[in-house]
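Annotation source TrEMBL lists compositional bias 'Low complexity' at 915-929. The feature domain 'GEVED' is assigned by TrEMBL to 167-241. Residues or ranges marked as domain 'SD-repeat containing protein B' in TrEMBL: 251-352, 393-498, 559-654, 700-809, 835-933. Taken from TrEMBL, the feature domain 'IPTL-CTERM protein sorting' applies to 977-1001. The region 'Disordered' annotation in TrEMBL covers 912-936. Taken from TrEMBL, the feature signal peptide applies to 1-25. Feature annotation from TrEMBL assigns transmembrane segment to 980-998.
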């Protein structure tokens, strides 16, 4: 048979070349060949043509070919098997395959190429063609598995190959539907020989129990992956089962003997205790089962004393022994887990005989010195002896005094019909007359028994350990009704225990004699008066009973919370950008003001808030409560005090201050099912998470009243503070007094040399600043709103009737920090000097201004420096010349401190009068003019100092000098003596001009 290899394929036919077209797996195709010369030229009727499909040329031959493939059949798409998944596939036609045969999978190409079939069918449909000797339709016969058990190593795999090939295999250990997990490629290019190949694999301990899938691929070249095509060979997919880890059968046993010398040790001549019955329990007291899940039956000891329990699973067990009547367990009770001695006694007494402590059986870890292997323990022995004197016993029952049943009453100290026995395993102690514990027993169906006792005084107690955490009677309390004070009264079915759980519920002292009550009922075996251990009825006291009350049905817990926050604006409403307050101590009190307790009776501890400000008290009983809050230093309580019960808003403050200054909520109630619902506070109707309290941090405001030397309204380098300015903090109305967080009125402050001011411990709110600088200061331009402009270099003041004041602004702390400072509320003032006076007609030529001497209008007055050059004012502008007014007045304002000279050009026809006085003499009626060398009129140097100028010159301003006047005489031909009416008009003109001049100065 000829095999068609990887396509497109070529077949050499003598000297001719046959070319086949591309094919698909297990698909019938038509391939045509054309005959050409050896030199490649065409010989037919159409020279130069090649095989080109229909119509068939006269030198062209066509045949139909079938290319068979073998596919995997694990379930797709979890495992890639279909063509669409690039499933694993092998071309067939060679002698390489697994098992006895392989057949093609044409059925897997049905329905337009969709692969069908499942690995559960194990490819059991026979295909055509087939290769090898297929005796059954199933061609997946190449791999045989041993049991795949968790953790097993060296699991045998028998792999049959038809010829040598390389095997790659995968097994989905974790059952996730892929073969790409850890350790899931189990074989990699493993060489196989023709015939049976013995291989092995390990099953990882993490494998998942149950069904899974495996894939095996064998090809000549090897290197096959989970998917893709191989040139030869076969793929076989298997459904496998991963089973549980095999359990090792364990065994337990040894010797139940008659301990004649009562020493708890097996001595020479001591034989088995015939008639004793042994049973095997699990550690929880239930009956043990073997590896086949069959109940382990009891065994009766024969003459040899031996017993053995086999086919046991690993685990913890208790051996229970019921000796014949009249036999008592010997001393010992040694733990067989820690003592491998095969001669000692491992039993202790129980209600109906004896039992061992729990013993653990672990594969490979048991003693090997006891006659068997490491999978068994043959050291579990129990010795018994026969008492030489009459024996006594004490018992009987523990019940739940809950009033259940017919005509029953709770907590009445009597076991009424229908009241249940306590659960198994409750510990009962036998004490001597000094309170020393002699032995312990545990309840079984509510009964307990101490047997093999001598005459004497005893006390029986329910151990205090029963009532501790994780113990059987946690939450139970003592029955307190009808306690029998004297257990020797032999009254049956009543409570003999005290009520102090922490000490154990104990009977009074019992005198055990040969004259005990008879026919007590009920009993452990249902026969009146029998204790189940063979003790004579008259020596057995079965009237020592204990009643307990079950745990109270837990009331539904309620809770309360939840936020202590930093109220940055102090309005008592939590805004979205206000943060939680860390470090607040929150305490829950009852309505009476004492510490609250939770449902377990424990005091509810205070909580200290963290950055989110949250607190929550949970597991509370219903009742009336109040919350107290001790805030961190520097924080004060916001407005609020709203009732928690009546106001369910989750953003307001519920705290008020008590007489001691402690923040607390009004008293509120918590009750099951009545609290705000989920949409209001985020929890259910058993909790109120709306008890919130807001605290604001104190704030500080400042900071500078400065000298604005260039009067530009901006603090420049070198511009210092204004000393002596009075700064007052007002309410937003600019008038009202404000109070700080301590309740004190905020008083005005006076700036020092640095111009600084500061108000501390302020409450968030709206404020204004009022400034009154020293006389002579003028307000810089500005007046910016402190709220809208946080610049620290601008001037925020505007002029008002009584000084200067800012617009109102808000002071708050969004950061929530106590003592936060606003250092941006500043006011600038500048100081300047001025120079002025008048030019007048010195009618009498005496150089003095006198009444009736008129001013000279339209004269030119210039201000220059000592160097004769023009000067600049505080704004940096050049000071220009002035023309005197109608009364001869002039004034240069906004001047810098310094030395100046005046130059005067009078109108034509006027000559300088006598004078030339020093302009710094502050005389207000002399003439200060002199004639310069160039013939011009001017003054001597004038020194101007802020605060050092005369105040007797008409304006009471120490920053201006209004005394530098100039007198002139009319030249000949220009002398005109005014008439009386002219004098009057002149005087009137002078008065009006002077008034206008001073009004202009004040502006």
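Every residue number used here counts from 1 along the chain in the order it is shown.
From the backbone N, Cα and C atoms, a Cβ is placed for every residue, glycine too.
Residue counts for the region 'Disordered' (912-936) under DSSP, helix first, then strand, then coil, are 3 helix, 6 strand, 16 coil. Sorting each residue of the domain 'SD-repeat containing protein B' (559-654) by its DSSP state yields 0 helix, 40 strand, 56 coil.
Listed as Cβ neighbours of the region 'Disordered' (912-936) (distance under 8 Å, sequence separation of 6 or more from its ends, same chain) are residues 837, 842, 845-850, 902-906, 942-943, 949-950, 952-954, 961-969. Helix, strand and coil residue tallies for the domain 'SD-repeat containing protein B' (251-352), in that order: 0 helix, 44 strand, 58 coil [DSSP].
Across the range of the domain 'SD-repeat containing protein B' (393-498), the DSSP-based residue counts are 7 helix, 39 strand, 60 coil. 393-498 is the stretch from 167-241, 393-498, 559-654, 700-809 with the greatest number of Cβ pairs below 8 Å to the domain 'SD-repeat containing protein B' (251-352). The predicted model assigns the domain 'SD-repeat containing protein B' (835-933) a mean pLDDT of 92.
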